[in-house]
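First comes the structure, then the notes that go with it.
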Amino acid sequence: MPLNVSFANRNYDLDYDSVQPYFYCDEEENFYQQQQQSELQPPAPSEDIWKKFELLPTPPLSPSRRSGLCSPPCVTVASFSPPGDDDGGGGSFSTADQLEMVTELLGGDMVNQSFICDPDDETFIKNIIIQDCMWSGFSAAAKLVSEKLASYQAARKDTGCPSPARGHSGCSSSSLYLQDLSPRASECIDPSVVFPYPLNDSSSPKPCASPDSTAFSPSSDSLLSSTESSPRASPEPLVLHEETPPTTSSDSEEEQEDEEEIDVVSVEKRQPSARRSESVSPPAGSHSKPPHSPLVLKRCHVSTHQHNYAAPPSTRKDCPAAKRAKLDSGRVLKQISNNRKCASPRSSDTEENDKRRTHNVLERQRRNELKRSFFALRDQIPELENNEKAPKVIILKKATAYILSVQAEEQKLISEKDLLRKRREQLKQKLEQLRNSCA
């Protein structure tokens with residue numbers, strides 16, 4: 001922001017003089033030498049260059065989306081309570097409170113809203129923002145805020161001493177401030193048009209909180225609880241309650257504790273009363289919604305069975321579908337039991353090593369048996385009987401040819417046997433005839 005600007009500075013024509021040494025035309029000057037000569041001159045542009053650009057944006061922006069600043073009347077009621085409200089806070093403004101409110105108003109988006117710069121005002125045309133929007137924006141905003149605070153303090157003094165009926169005086173003062181800001185607040189954009197979900201609770205709108213709780217510092221926990229408690233509620237416009245008294249400091253402290261203790265698990269427990277009222281007495285003409293059941297996380301085992309490509313192919317026939325399903329389920333259960341038995345990664349590593357060792361032993365035994373069977377087959381073939389280095393393919397081919405030759409010889413011998421049997425029968429009959437003739 002510009003240097004040498006304060007709330008007591010009323011001569012806005014001299015604002016440019018304070019920053020005039022920063023700007024120069026084509027004249028070459030030694031600014032650092034001037035600074036050494038004159039102690040009253042502000043620092044050079046290179047030393048304090050970023051402070052020149054800390055100005056408020058001139059064009060008006062949209063209203064703030066924060067829950068504490070979305071409704072200006074609520075903020076006014078919470079911050080300017082009657083003088084007798086010792087519990088609610090804010091009777092006589094201290095210097096710290098005034099500085100905090102002014103800083104919040106100037107730091108947020110509310111300076112650029114229509115309730116500060118009213119276009120219907122006659123002084124708006126002669127405003128110094130229009131005359132010089134580059135250097136006098138902060139001064140004009142400070143002037144407007146100070147005038148607004150002075151008018152509120154004068155209105156509070158006119159109300160007189162507080163009566164014993166503190167609630168009535170609170171309502172009258174709040175209604176007075178709301179009447180002052182109601183036409184300006186109506187010009188703001190309705191947050192329900194921008195947000196699909198309402199910022200307040202769906203069951204009943206809460207009264208505006210005091211500045212100690214959440215008026216100027218809205219927490220993300222409250223927004224989270226409101227959006228998660230009613231995610232399917234229809235968007236409703238924010239309603240300004242004129243007769244709602246400000247809450248006490250004890251209520252605000254309890255609300256702060258509730259908001260600080262919010263976590264992911266207890267978000268759904270924030271609105272028990274609203275859910276009870278909806279379940280007991282639903283409004284007429286509306287359909288009752290089923291209660292949202294909380295999500296339950298269940299543990300499930302993902303089967304990661306891999307095929308052993310090193311194992312020999314199975315020569316047995318395929319099992320039926322039912323038997324195959326039983327075998328698969330048995331494998332899954334066995335894997336689950338094995339996973340449960342593995343208590344630590346060290347034990348799982350030892351089990352894997354044992355399985356690998358047993359697999360290697362079985363594979364070695366299988367290869368040795370296959371080699372012995374080939375050697376036995378080679379010994380049965382006459383051509384390869386003495387050839388110890390005969391490959392397995394030659395052994396198989398010679399064995400096949402030898403088997404075929406042996407089978408052919410077998411058939412030949414069987415036919416010869418049949419002929420000999422017939423010859424025997426004939427000889428027996430002939431011998432019997434000779435015996436009968438001799439007798």
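Quick reminder: no glycine exception, Cβ is built from N, Cα and C everywhere.
Small disclaimer: the values here were computed from a predicted structure and weren't measured.
The annotation compositional bias 'Acidic residues' is assigned in Swiss-Prot to 251-263.
The compositional bias 'Basic and acidic residues' feature in Swiss-Prot is assigned to 266-278 (among others).
Residues annotated as compositional bias 'Basic and acidic residues' in Swiss-Prot: 315-331 (among others).
Taken from Swiss-Prot, the feature compositional bias 'Polar residues' covers 335-347.
Positions annotated as SUMO2 cross-link by Swiss-Prot, on the basis of similarity to another entry: LYS52 (among others).
For LYS143 (among others), the entry in Swiss-Prot reads SUMO2 cross-link.
According to Swiss-Prot, the SUMO2 cross-link annotation covers LYS148 (among others), on the basis of similarity to another entry. Under the DSSP three-state reduction, LYS148 (SUMO2 cross-link) is assigned to helix. Of all Cβ atoms in the shown protein chains, 16 besides its own fall within 10 Å of the Cβ of LYS148 (SUMO2 cross-link).
Annotation comment: Swiss-Prot describes LYS298 (among others) as SUMO2 cross-link, evidence class similarity to another entry.
Under the heading O-linked glycosylation site, Swiss-Prot lists THR58, citing similarity to another entry as support.
The phosphoserine annotation in Swiss-Prot covers SER6 (among others).
Marked as phosphothreonine by Swiss-Prot on the basis of similarity to another entry: THR58 (among others).
Here Swiss-Prot flags SER62 (among others) as phosphoserine, drawing on similarity to another entry.
For SER71 (among others), the entry in Swiss-Prot reads phosphoserine, with the evidence type similarity to another entry.
The phosphoserine feature in Swiss-Prot is assigned to SER81 (among others).
Annotation source Swiss-Prot lists N6-acetyllysine at LYS143 (among others), citing similarity to another entry.
In sequence order, no residues are near LYS157 (N6-acetyllysine), counting only same-chain partners six or more apart with C-beta under 8 A. Under the three-state DSSP scheme, LYS157 (N6-acetyllysine) falls in the helix class. For LYS157 (among others), the entry in Swiss-Prot reads N6-acetyllysine.
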Taking 10 A as the limit, how many CB atoms besides its own sit near the CB of SER347 (phosphoserine)? 11
Secondary-structure category, per DSSP, in which SER347 (phosphoserine) falls: helix
Around the Cβ of LYS371 (N6-acetyllysine), other Cβ atoms found within 10 Å total 11
About how far apart, in whole Å, are the alpha carbons (Cα) of LYS148 (SUMO2 cross-link) and LYS371 (N6-acetyllysine)? 105
Sort the residues of the motif 'UBR5-degron' (355-364) into helix, strand and coil with DSSP and give the three counts. 10 helix, 0 strand, 0 coil
Where does LYS371 (N6-acetyllysine) sit by DSSP, helix, strand or coil? helix
